[in-house]
Ligand SMILES: *Cc1c(COP(=O)(O)O)cnc(C)c1O
């Protein structure tokens, strides 16, 4: 089989050992004689899987007991509506920090459910400076996007919002570094970037924020439904949960999120350094706002032909999916947890070789 490193922004690479384990267990899970895909979500076999997935995630992220962990569907995009439907209920207002395309979508959706205010907007892809006095103390929550997948920017520290809970879209950097869960009211993430296959959405929600939704909220969109039924009110995405559990096992074996962060910093430093030294490519994001996960870069002259050539030749080398998002162009290397150091090293070598041949 051809060795490929996939730099896709999502669905993204999974650790090879996870895929091998899934392959080995594909036809016969745990002596059941059945595939995980075929097991009832009410069977002891599957209940063991979902319980282990939750226990592992709690362990990895040090999630306290007064937070619930939910395994849902609908993607992060469904959380854009579900969060306001459940949380924007006391004073019916919320503050949204605008740092990119995904924050904009979250903001737009929230406007359907209350009075939504923009607080801090990125200009030229800089994370805005946020001070406590900028936030409305009567807002039901403050929404942020911790990592901006398309722009390649990330928060390096959390804003101080006082007693107002922070709701965070962590789709593209959850599990990449340790975080203090108690600083958040609600965390959500689509799985397909740093957790597992598409079709699964992780929600981590503080206990006091559950159960406030009005009766008009549909059953499936009420967090309380999923808390009460341990994410199995209806059929959950069983196979995606199983793979996520294997990814959590892999992270624990690696030494947890401290170790993961070290590796992620090594990978990102290597790539940014190569781009900063390059004469033909540049990483446009200022150092203090750079994402560890998504690294956009462009040709210094805006030469689209050169960019297309780079992407095509990289593909020949087994460096897949380096094309930038359609809204920003250029290139983007997504280097999530599962991207091995060897993949980034190969990309860096290729950038240097390409530069020698195309100066
Ligand atoms: C990918 C992404 C989304 C959209 O996720 P879906 O699961 O496809 O709805 C939302 N927010 C961020 C930050 C993302 O990276």
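Just so you know, glycine gets a Cβ as well, placed from its N, Cα and C.
Note that TrEMBL annotation is computational and uncurated.
Lifted from TrEMBL, the feature list:
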| type | residues | note |
| --- | --- | --- |
| BINDING | 42 | L-glutamate binding site |
| BINDING | 76, 77, 102, 149, 169, 192, 234, 235 | pyridoxal 5'-phosphate binding site |
| DOMAIN | 4-347 | domain 'Aminotransferase class V' |
| MOD_RES | 193 | N6-(pyridoxal phosphate)lysine |
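Counted within 10 Å of its Cβ, the other Cβ atoms near residue 76 (pyridoxal 5'-phosphate binding site) come to 25, all protein chains included. Looking at 149, 192, 235, the binding-site residues in this record, the fewest other C-beta atoms within 10 angstroms of the C-beta turn up around 235.
With the fewest other C-beta atoms within 10 Å around its C-beta, 42 stands out among the recorded positions 42, 193. Closeness to ligand 1 is met by 102, 149, 169, these being the binding-site residues among 102, 149, 169, 235 whose Cβ falls under 6 Å from the molecule.
Ranking the binding-site residues 77, 234 by C-beta neighbours within 10 Å puts 77 at the top. Annotated pair residue 76 (pyridoxal 5'-phosphate binding site) and the residue listed as 'L-glutamate binding site', C-alpha to C-alpha distance, rounded: 26 Å. For the domain 'Aminotransferase class V' (4-347), the model gives a mean pLDDT of 97. Here the binding-site residues are 102, 169, and the one with the most other Cβ atoms within 10 Å of its Cβ is 169.
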